[in-house]
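In what follows, a single structure is set out as structure tokens and then discussed.
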């Protein structure tokens, strides 16, 4: 019988993490459970830095970006001895289960704790939208709005100077954020990691656009695919058009979460408590076709595949 739970946020922050913490805390308290907040993710868990949370601890948090519990990278958590200390800290505090909010690295930590016998529930909190078993992640829609706003602003200046602009978008090895932003921002070209990239093919497409009378263009590209400054130099050399690269960087992670992220985070946080009370552990929560779902966290990480939105790419190309 679960009486006390812990909650932490891990990895890169995402808008809506505070709303998810709030959802977990208030749903747990409504069911008569105690909640311990763990500072700075798995690092704080290892160092036994925790605080008891009540309803007022999460007041005025639903609209705040970031995570008030903090987050940290802690690669040492791969060590089984380190995880054993973490589990001992949880048991010492009387914590029966753990809710982890974060991306794929955070899920891996929850998976390893689960394999060591400690029940965990994972909530997908990342702007990258790269988590298996869910259509959307907490923070994705807010980041999408931020990226599209940046593209709109770049279009103003690009059109004024008849310039080609390259926009580097976060996403790690998933092109969802780039692709959605390219469609919503009316980008002329989009480059994502799911599709083989050739800079010469891109230049050929840009030249074809110029031949049709296009005066400026915006290229959206997912991070890690190439050096965007070098790409800009190459495009300018080959086309004769001034080309500049903009790396949006960590601004994409900040800001007050949009309503959908607040709703998604609240629903997922509450659902995590439902699952724990029903005796589930070692699960990850997702939303598919607007319905909350849960999957075995080990199976999700090791076996599930995340479909690429090929139809979205087809749409983007038709609208170039």
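Glycine is treated like the rest: Cβ placed from N, Cα and C.
Features of the protein shown, as given by Swiss-Prot:
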BINDING   12, 73, 74, 103, 104, 105, 106  ATP binding site
BINDING   22-26, 55-60, 155, 186-188, 212, 214-216  ADP binding site
BINDING   104  Mg(2+) binding site
BINDING   126, 127, 128, 163, 170, 171, 172, 223, 244, 250, 251, 252, 253  substrate binding site
ACT_SITE  128  active site, proton acceptor
### Task
Among the binding-site residues 12, 25, 74, 104, 216, report those whose Cα falls within 10 Å of that of residue 253 (substrate binding site); none is a fine answer.
12
### Message
Validating a neighbour-count step here. Other CB atoms within 10 A of the CB of residue 186 (ADP binding site): how many?
### Response
14
### Task
For the binding-site residues 22, 73, 172, 253, work out the Cβ neighbour count at 10 Å and name the residue with the minimum.
73
### Task
Would you mind listing, in sequence order, the residues at least six apart from residue 126 (substrate binding site) in the same chain with a Cβ closer than 8 Å to its Cβ?
11, 12, 14, 102, 103, 104, 137, 138, 139, 140
## Note on the structure
Around the Cβ of residue 212 (ADP binding site), other Cβ atoms within 10 Å, all chains included, total 7
### Query
What three-state class does DSSP give residue 244 (substrate binding site)?
strand
### Query
Using a Cβ-Cβ cut-off under 8 angstroms and a sequence gap of six or more, which residues of the chain neighbour residue 106 (ATP binding site)?
9, 10, 11, 41, 42, 100, 122, 125
### Summary
For residue 186 (ADP binding site), the spatially nearest of the binding-site residues 73, 170, 172, using Cα atoms, is 170
### Task
Determine, using Cα-Cα distances only, which of these binding-site residues is closest to residue 73 (ATP binding site): 59, 172, 216.
172
## Note on the structure
In the three-state DSSP scheme, residue 212 (ADP binding site) belongs to coil
### Message
Name the residue among the binding-site residues 25, 170, 251 whose Cβ has the smallest number of other Cβ atoms within 10 Å.
### Response
251
